[in-house]
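*Asks:* Mind having a look at this structure? Questions to follow.
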Amino acid sequence: MSKKIGILTSGGDAPGMNSAISFLAKSALSLGFEPYLIFDGYSGIIARKILPAKNFPYNGISSFGGTAIGSSRFPEFKKEEVQNKAVEILSEIGISSLVVVGGDGTYNGGYKLHLKGIKVIALPGTIDNDIQFTDYTIGFDTALNTIVETIDKLRDTANSHRRCFVVEVMGRHCQDLALYSAIATGSEILITNTNILTPEEVSQRVLEQFAKGKPSVIVTITENILPNLKEFAAKIEELTKISTRSLEVGHTQRGGRPSAFDRILAAKMAMKAMELINQDKSGLAISYLDGKIQTFDIAKVVSKPVRKTNDLVLEINKINQN
């Protein structure tokens with residue numbers, strides 16, 4: 001077994017990725033491996049942006065947001081000839097094992113390399129929390145805290161002006177960021193891909209909330225549902241005659257120093273990944289499920305790209321709407 005291990009981050013960046021990188025490198029060294037950092041995701045393999053970890057200050061990056069080795073979306077990697085080129089380049093360098101950190105696209109890319117003989121272990125690094133068989137992904141907790149802080153501040157000004165705010169958060173096709181932030185902030189109305197409401201329905205609920213004596217109403221929405229957030233807010237104002245503003249939280253959700261939870265989660269997953277590589281395992285994804293670090297076949301994980309939200313969380317959210 002080759003002692004050279006590649007480490008890359010791919011897809012959208014997520015707070016905690018740097019902690020994963022740091023602990024992957026340190027764990028690899030402690031087991032006698034030679035870690036290599038691959039810059040800018042899968043495209044970095046093709047571009048030969050590969051550097052021995054010993055030549056990079058990986059020790060001091062755990063507290064920083066983003067990913068110090070860069071990331072990218074590389075749709076060309078779906079082509080078999082590009083995958084074959086990646087295997088050829090990794091083999092030339094002597095890298096026989098690879099740890100990839102990212103979302104479902106990253107998992108799919110890693111699985112293709114696994115099928116071609118590269119030993120691959122995958123870590124869930126995405127703020128969307130949309131990976132199957134893990135309760136939390138690296139970056140989700142930090143992004144959630146960013147959203148909660150933003151909505152809490154909106155609530156302050158909304159209370160002062162008897163106003164309604166419509167807030168759109170990230171999550172792609174997964175409702176977890178919207179759902180968990182709605183629970184944490186007491187958002188009165190939640191719109192997700194499993195709970196779509198018309199402007200008329202939202203307006204009726206807004207009026208009901210103000211009729212109860214509430215000084216403000218927060219509407220939290222998952223991205224990719226509304227064609228135009230500002231127009232939606234304007235329609236609510238038109239129907240209710242209540243001052244309504246909109247806010248797209250945007251890419252601030254991806255930034256910021258990772259929470260302690262994300263740093264620790266990344267560290268635990270990284271150490272488990274290196275344990276598996278030391279056992280000559282491949283084609284496995286690391287997860288945090290039911291309070292334990294576990295492993296699943298990557299093939300099983302990517303076959304179900306959208307997670308189902310815990311039923312208990314959904315029930316708690318129903319209570320929050322009253």
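The backbone N, Cα and C atoms fix where each Cβ goes, glycine too.
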*Asks:* Which one of E200, E223, E275 goes with T126, I127, D128, R163, M170, G171, R172, R245, H251, T252, Q253, R254 at the substrate site, as Swiss-Prot has it?
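*Replies:* The candidate from E200, E223, E275 that Swiss-Prot ties to substrate along with T126, I127, D128, R163, M170, G171, R172, R245, H251, T252, Q253, R254 is E223.
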*Asks:* Which residue of G6, G12, G16, G186 does Swiss-Prot report at the same ATP site as R73, F74, G103, D104, G105, T106?
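*Replies:* As annotated by Swiss-Prot, R73, F74, G103, D104, G105, T106 share the ATP site with G12, chosen from G6, G12, G16, G186.
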*Asks:* Name the residues of the same chain, 6+ apart in sequence, whose Cβ is under 8 Å from the Cβ of R254 (substrate binding site)?
*Replies:* G12, D13, A14, P15, G65, G66, I127, G139, A143, M170
*Asks:* Quick one: which of these binding-site residues, G103, G105, R155, K214, have their CA within 10 A of D128 (substrate binding site)?
*Replies:* G103
*Asks:* For R155 (ADP binding site), list the number of other Cβ atoms lying within 10 Å of its Cβ atom.
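*Replies:* If we count other Cβ atoms within 10 Å of R155 (ADP binding site), we arrive at 19.
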*Asks:* Could you round the CA separation between K212 (ADP binding site) and T252 (substrate binding site) to a whole angstrom and send it over?
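*Replies:* So the Cα of T252 (substrate binding site) lies 33 Å away from that of K212 (ADP binding site).
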*Asks:* Going by Cα-Cα distance, pick out whichever of the binding-site residues G186, E188, K214, S216, T252 is nearest to F74 (ATP binding site).
*Replies:* T252
*Asks:* To the nearest Å, how far is the Cα of R245 (substrate binding site) from the Cα of G103 (ATP binding site)?
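*Replies:* Given the Cα positions, R245 (substrate binding site) is 32 Å from G103 (ATP binding site).
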*Asks:* Compare the Cα of R172 (substrate binding site) against each of the binding-site residues R73, G105, T106, E188, K214 and report the nearest.
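*Replies:* Closest by Cα distance to R172 (substrate binding site) among the binding-site residues R73, G105, T106, E188, K214: G105.
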